[in-house]
Ligand SMILES: [Zn+2]
Ligand SMILES: [Zn+2]
């Protein structure tokens, strides 16, 4: 690179920092609005967020940004980091500018209407109220995908937002394989003689005690909730961050059951560890975060499920829980372990267990693909939804609120987002497989409470790259292979095979 | 006004809303940084705040803003509100643009150096470390005042920032009168036979109980800490707001003494009530806040001292405190009332009682006036400071940390700010005098816990005007008179005359 290019890179970085200051400010305004804000401030807060979002949009679509993009796309000997930055900002620029402004403004308005229609529809358990709005939102998303250059399978354009490089073709393959194995495994579990029960876990768990146990776990797995993070309460647990030194998670307590708070803390803690482990050098470059939604979810789900629901993990932590909760004193370890891993096909995604969860996602993936590519009539949506639930999970919704209306995502236009949840499971197991090769005594480490070795390995092999690599590249770099369903299937067959004797 | 003017007003209001969204965002970033932020985020947070502050500066000094100002200054038949807006934004525009940018940037750098020098000087109790920085900061402030057109008494330009329209001439008169009366009253108290004691108030007060009592008081005086506000903890109590529906206060608990938390909650609650009572119509106009620093302080000090340390207030609340704190059961009401009103001249401003507090301020005022008008040598500052403490308060600092180095204000360039604290006392007593005329049974109301009638009166007579009137205009509108020291002097003579039999 010549001198001018080096100066330009510095200028670009200064510019991207500003974009990041704005998005961090927006994130803080949002975090505060769900964690702290007094009720009556809601309207003014939306105006504040709207204003800053507009300013951020201006920066990412400015003439200046276009000049950066044009300049750097004309240079051949860029270093890898700069190349990744340019690719990333070019994509954001194109995604934003290829949609005509008037159309995007109308989309925002229609989305707001769609979201309130969905709320009403869900309350009244009536899909027909939401139907015309859903049709509109789908039409927008198809058009946007075309604008972005996805002429063939339009669903690819939506996947690409959340999971760069992911395609319907690839997902058909891995999700198809996963679905078959899951349905088969679930069938065998149903037919097994093992009956599981977790009712005895219901009890009396104070918020304070759950918080303390959660902090102990989080500290031990390597999420810094003091000097570089916080744990707060919100209706829906989430993780947010402003740089890598202020990474906050939230949880929600149920005083009759410790599982919602403890497992959501571990899940969000996984997201938090990822963000806290992003190297300083990537801050403010637009690449200082996780590689993709799916890769992020691989970390949260690894900590929550693979680690956090393992025999080894609980053999370390269960005695501490028994010490805190006298009701657990009489519960032997195996009953406890079985209870936290209880499999029970159900209608509601967010209540699903580790095994059936991915089936909920696959149903949504299949529906979205059909909808975006106009392969089904919108009238058939609830029927098809219910049929799939029947076929894959063996349960059938009695009304639309427990069926197709249960999730907010579609009303807000988030098509292509659901698959990342199941992708997280696949990436997670595939990465775990590699980790086991490189840390042969991994289970000994977990038994003894040494979770930091695990986190250190993840930092070196996953977190440190931030978003400099696409998820497709990253999974190959880590494991030497393309994304595969094999490892997650093996993991589930092994774990639940043992639990249910199948 | 013609049609064009009406359209322009709407445009101006849209523009000013943006300025407000930015300043609200900056305030939230700051509030979060002292209430919530994890330690290691400090550097990134300053960068975020720096960026948004720069954007806000751009908006207030833009060509667009200049056009608005020029346009509206050419129109004769503006309504009062628009006239007040134009006056306000013109002042901000001039204050910002009349300082050459390079000089302002250098000032910011020198201020940062000055603040760390002050910290070191205070720690080492050595004024000489801070001296060269103080000299520099003073030179800047003199120059700025000249830029702003204050050719005569340069201190007037600095007063005008915090207390629009206030002059050294006026302050000399009211503070001179106040000082004489206070010194004389204090002398008589010292010579009286009455010895006060408050040591018995030290005890064991849980944070939770203090918080609850504080909430009870705040709710009853009319600060909404739930739907439109919050109470949090910070090292230095303060009030901040983002519009009139999100007005937050902070406090600090001392488990050995309930007074710091309770009185700071009442004080900040006074600020909070003012901001919550600003009418919706003023939001986003640049006039949607208190009339001035002094007028704001009049409200916080009214609630904290005139109301919150009155016989009537405690005759209502003391039984509730006795119920909560068993140690107080044996303490009769009069001893308690005397203890919270104990007069004791001391060296440290922030620990001062209601009577001596204003003398601390007057000393600072006299020093600032001399410094800004170059009437004393910087070398003489500690000596003069100590002499004044000796003369007015009868106490003498043993070192600079307890003397001239105790406050952070000068190191940050905040000359002209201190007087507003004492002005708050004067305004407060003058307004209280009017309130007593219009609500003759005011003390009966307080005895019975009906504080809302008082707050309602303040809302109608003070709060509802926001910053549409200058403090000089507002005090005249409320009381029919110019600012006067008379009412505060009468109030103190009456209250402490009774307490000390003088
Ligand atoms: Zn997640
Ligand atoms: Zn105050």
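Keep in mind that glycine also has a Cβ here, set from the backbone N, Cα and C atoms.
Values in this document were obtained by computation on a predicted structure and should not be read as measured data.
As annotated by TrEMBL, active site, proton donor/acceptor applies to A:268. Among the features that TrEMBL reports, Zn(2+) binding site is placed at A:267, A:271, A:297.
Features as recorded by TrEMBL, highlighted on the structure.
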{"residue": "A:267", "record": "Zn(2+) binding site", "Cβ within 10 Å": "24"}
{"residue": "A:268", "record": "active site, proton donor/acceptor", "Cβ within 10 Å": "27"}
{"residue": "A:271", "record": "Zn(2+) binding site", "Cβ within 10 Å": "25"}
{"residue": "A:297", "record": "Zn(2+) binding site", "Cβ within 10 Å": "27"}
**Item:** Shell of the Zn(2+) site beyond A:267, A:271, A:297, same chain only (C-beta within 8 angstroms of their C-beta centre)
**Value:** A:239, A:268, A:270, A:296, A:299, A:300, A:301, A:303, A:304, A:424
**Request:** Round to a whole number and give the Cα-to-Cα distance in Å for the pair residue A:297 (Zn(2+) binding site) and the residue listed as 'active site, proton donor/acceptor'.
**Result:** 9
